[in-house]
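> Not my notes, these are from TrEMBL:
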ACT_SITE  H142  active site, proton acceptor
BINDING   N173  Mg(2+) binding site
DOMAIN    77-292  domain 'DNA/RNA non-specific endonuclease/pyrophosphatase/phosphodiesterase'
DOMAIN    78-292  domain 'ENPP1-3/EXOG-like endonuclease/phosphodiesterase'
TRANSMEM  12-32  transmembrane segment
TRANSMEM  318-336  transmembrane segment
Amino acid sequence: MAKEMFSFKSGFSVGFVVSLVLSFVYWGVLVADQKHPVVVPVEVYRYIAPKVADKKYQSTSPILKYGVPDRGPETLNYQNHAVGYDRAKKIPQWVAEYITKDNIKGDADRTKCSFKPDRDRVDDMFSSTLDDYSKSGYDRGHMSPAANHKYSQDAMCESFFLTNVVPQSSQHNRYYWRDFEGYCRELAEKYEEVRVITGPLFLPETSEGDTQSSRFVKYEVIGESNVSVPTHFFKVIIIENATESNTTLFAAAFLLPNEKIDSDTPLITFKVPLVELEAVAGLHFFPNLANAPVGDFCSFDDCKLRAEREAVSTMSRFSTGTLLIIVLFVWIYFMYKWREHAEKAAKNLK
């Protein structure tokens, strides 16, 4: 009988310990699934202001007797976005936005807007046309998406000017890129100050193990206006957020190919150092931040699009459910053994 009681106690103890251990594992999975960001400031933002042009020289020099070649206005200003326009490629070089939770809400209707050239700001000879995009196989891709301007019908319709439009792969524009734009709007719900700069890039083709000394930038043009089709797109996100840290600015830069991207591809795959993006874009994105400390935004936020978060959530639920089932079966097994030993002990007492 003593031996039966010993087996009973041992079985119960082992069952309890195993269940306890598995419970700790379960809670460990839940805790690990939560992101605990550690904000690591990057180096201060580097910017050296260019020398100001000598206006007197320009007006008196015989070299420039007939004027300085005009590249057009530095910036095209709209109600809710600003554009740096490339008159040669007939697309924007960059588009800047200040996204707020108020601007992304409202009754503005995109069906009341139509794509058109901005003849008030850009000469026809430097503008793309609707015919250029017709049957080209490319979408008229917004750099500042219409959904970012729902607060105002006029602001939304301004985003349909071709100064804000770039030839974009439909498989890219309608899926992964759209989700990326939605992610930027989600940030406006979480943080007070969200600014985004978006634009096209033209990069050389590279392949793994390529040892050729010569590389080429190759890109398509569409329409009679020879509108340039980018090889890549970039987005730079910068936010201000009140924290206990001295660093309140956080930025992240992303570089995506102008092609189909699987919806479950982690956004972090396309994250690049800001300074490297500036080098290939030929732009200092934030000249007013000279020598200011800027933190890594993706150490502050998870930098995950909705599809990726849902995939992680599904996997987490699956793992959690599996662990719970294991715990349940282990508990049932040891309770069965406990009952078996208890019945034997009761018979021996008789």
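Including glycine, each Cβ sits where the backbone N, Cα and C put it.
Quick caveat, the model's predicted, so the values are computed rather than measured.
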> Tell me the Cβ neighbour count for N173 (Mg(2+) binding site), meaning other Cβ atoms within 10 Å of its Cβ, over all protein chains shown.
21
> In sequence order, which same-chain residues at least six apart have a C-beta under 8 angstroms from the residue listed as 'active site, proton acceptor'?
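Non-local contacts for the residue listed as 'active site, proton acceptor': S159, F160, N164, V165.
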> May I ask you to report the DSSP-based helix, strand or coil state of N173 (Mg(2+) binding site)?
helix
> So what's the mean pLDDT when you look at the domain 'DNA/RNA non-specific endonuclease/pyrophosphatase/phosphodiesterase' (77-292)?
94
